[in-house]
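Some features that Swiss-Prot has for this protein:
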- 18-137: domain 'MTTase N-terminal' (DOMAIN)
- Cys27, Cys66, Cys100: [4Fe-4S] cluster 1 binding site (BINDING)
- 160-397: domain 'Radical SAM core' (DOMAIN)
- Cys174, Cys178, Cys181: [4Fe-4S] cluster 2 binding site (BINDING)
- 399-470: domain 'TRAM' (DOMAIN)
Amino acid sequence: MVTRDAGMADDAATGSTRTYQVRTYGCQMNVHDSERLAGLLEAAGYQRAADEADVGDADVVVFNTCAVRENADNRLYGNLSHLAPRKRNNPDMQIAVGGCLAQKDKHTVLSKAPWVDIVFGTHNLGSLPTLLDRARHNKVAQVEIVEALQHFPSSLPSARESDYAAWVSISVGCNNSCTFCIVPSLRGKEVDRSPADILAEVEALVADGVLEVTLLGQNVNAYGVSFADPALARNRGSFAELLRSCGSIDGLERVRFTSPHPAEFTYDVIEAMAQTPNVCPSLHMPLQSGSDRVLRAMRRSYRVERYLGIIGQVRAAMPHAAITTDLIVGFPGETEEDFAATLDVVRQVRFTAAFTFQYSKRPGTPAAELGGQLPKAVVQERYERLVELQEQICMEENRVLIGRIVELLVTTGEGRKDARTARRTGRARDGRLVHFALDTPWEAQVRPGDIITVMVTEAAPHHLIADAGILTHRRTRAGDAHAARQCPRSIGLGQIPLGMPSVGQHSASIGSAGCAR
């Protein structure tokens, strides 16, 4: 137990409103959870700190952490060390650590960073406001980790940042046992929401003006086998049925999902994707390795032949679908022959984009105990070869699109060079990032959330350029909301950038991708 100085101020006495920041590391599930954490804090009376504020400028800083890769640990504890002097100078400041790393390291976070005030896990997000109050009142650090899910995150308040796109969680947890992954032990076995609850959430989002939803789960193809409601019968076809049901929601223009698992990917899902107009022609299908021997060691319950068969079926049903993947380089025991097999599959499939990871040894996973851990220099050299090949393929595939007309959902915050290049940015239906030029008459009219069409004029490995002007422009309610700065913030609703993973990234940083399925 870590005690605090007795001089912690009571903001209720001063009348000031405490501000907060939520910093997110890892996968899209963490992004979804961070929306809920922000919503909980706002419902409790906290105010979001200015977007340009540095880490530590807020009264409360929450780190929502990832435990998948070693860099996540280093990044968290580096940031906590950075905050230590600020905490000493401002004892009223509170620091909370949650998420997968907190769930894993519940007994060590405070020993490594004793100035932390709150440690909470993946199953009790809703406890954060109470823990903050308790820590301030008792002047003692609060550690609360529970081992089973208390509430679906989607039942908690949400503070969404996007007027046009939202995450919708369909399940939590995972029933797989990949040897490299610690997530199932931290998030628990899969638990599925009822279709009625999911569709009600989607309909509420659309009523708020949202145009695109991403259905989110650790393994969406297993949806329907572990319903939380015991009255619902196990149904292997539930995910395909859910996609088709989303297709009947008036005003919902784009549906995405992530992530499926090749072992459980079935043809009824492919049919639903192809036959449901608002389901986007994009598929993120983790491969991890092109070697059957390595897949077996990873405990991935499929082999390359099955994977390629799925890709063939998808391309037959949706010839222009963008297919993205996850790849791990340097898994223990991986030989040059194994790695060459991965390169062969990459050449065959021609992924639109790939999240490429160097294997990271994680304590608590079976892979950490395997022999044949590879030298970093070998892993780095293979990684560079894989990235070079995928970059080449990305460029070739994107060049094919020059001259094509594409529909874009205009976004905000995705074009880092937009101001310098006098361009704006949108996402095509297949998930590709497109930077487009604004004609002077259009500049004030096009808002994030609006729909436009443009012609592709240039290509790069991770984006397209459309400098021939805007061909058509359709104003939307999402655009109206953005223009009015009235982002919907609702109980039980989800958020944020357009579908994951984003086409336009070839390698996964620890801050954007996290756990690979």
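Using the three backbone atoms N, Cα and C, a Cβ is placed for every residue, glycine included.
Features recorded in Swiss-Prot, as mapped to the structure shown.
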residue	record	DSSP (3 states)
Cys27	[4Fe-4S] cluster 1 binding site	coil
Cys66	[4Fe-4S] cluster 1 binding site	coil
Cys100	[4Fe-4S] cluster 1 binding site	helix
Cys174	[4Fe-4S] cluster 2 binding site	coil
Cys181	[4Fe-4S] cluster 2 binding site	coil
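Cys66 ([4Fe-4S] cluster 1 binding site) and Cys181 ([4Fe-4S] cluster 2 binding site) are 12 Å apart (CA-CA, integer value). Every protein chain shown contributes to the tally, and the Cβ of Cys100 ([4Fe-4S] cluster 1 binding site) ends up with 28 other Cβ atoms within 10 Å. Less than 8 angstroms from the CB of Cys174 ([4Fe-4S] cluster 2 binding site) sit Cys181, Val183, Pro184, Arg187, Lys189, Glu190, Gln218, Asn219, each of them six or more residues away in the same chain. Using a 10 Å radius centred on the Cβ of Cys181 ([4Fe-4S] cluster 2 binding site) and all shown protein chains, the other Cβ atoms total 24. Confidence across the domain 'Radical SAM core' (160-397), taken as the mean pLDDT and rounded to a whole number, stands at 95. Every protein chain shown contributes to the tally, and the Cβ of Cys66 ([4Fe-4S] cluster 1 binding site) ends up with 26 other Cβ atoms within 10 Å. Cβ neighbour count within 10 Å across all protein chains ranks Cys27 highest among the binding-site residues Cys27, Cys178. Calculated from their C-alpha atoms, the gap between Cys27 ([4Fe-4S] cluster 1 binding site) and Cys178 ([4Fe-4S] cluster 2 binding site) amounts to 17 Å. Counting in whole angstrom, Cys100 ([4Fe-4S] cluster 1 binding site) lies 17 from Cys178 ([4Fe-4S] cluster 2 binding site) by their C-alpha atoms.
Secondary structure of the domain 'MTTase N-terminal' (18-137) per DSSP, as helix, strand and coil residue counts: 58 helix, 23 strand, 39 coil. Residues in the domain 'TRAM' (399-470) partition by DSSP class (helix H, G, I; strand E, B; coil) as 8 helix, 31 strand, 33 coil.
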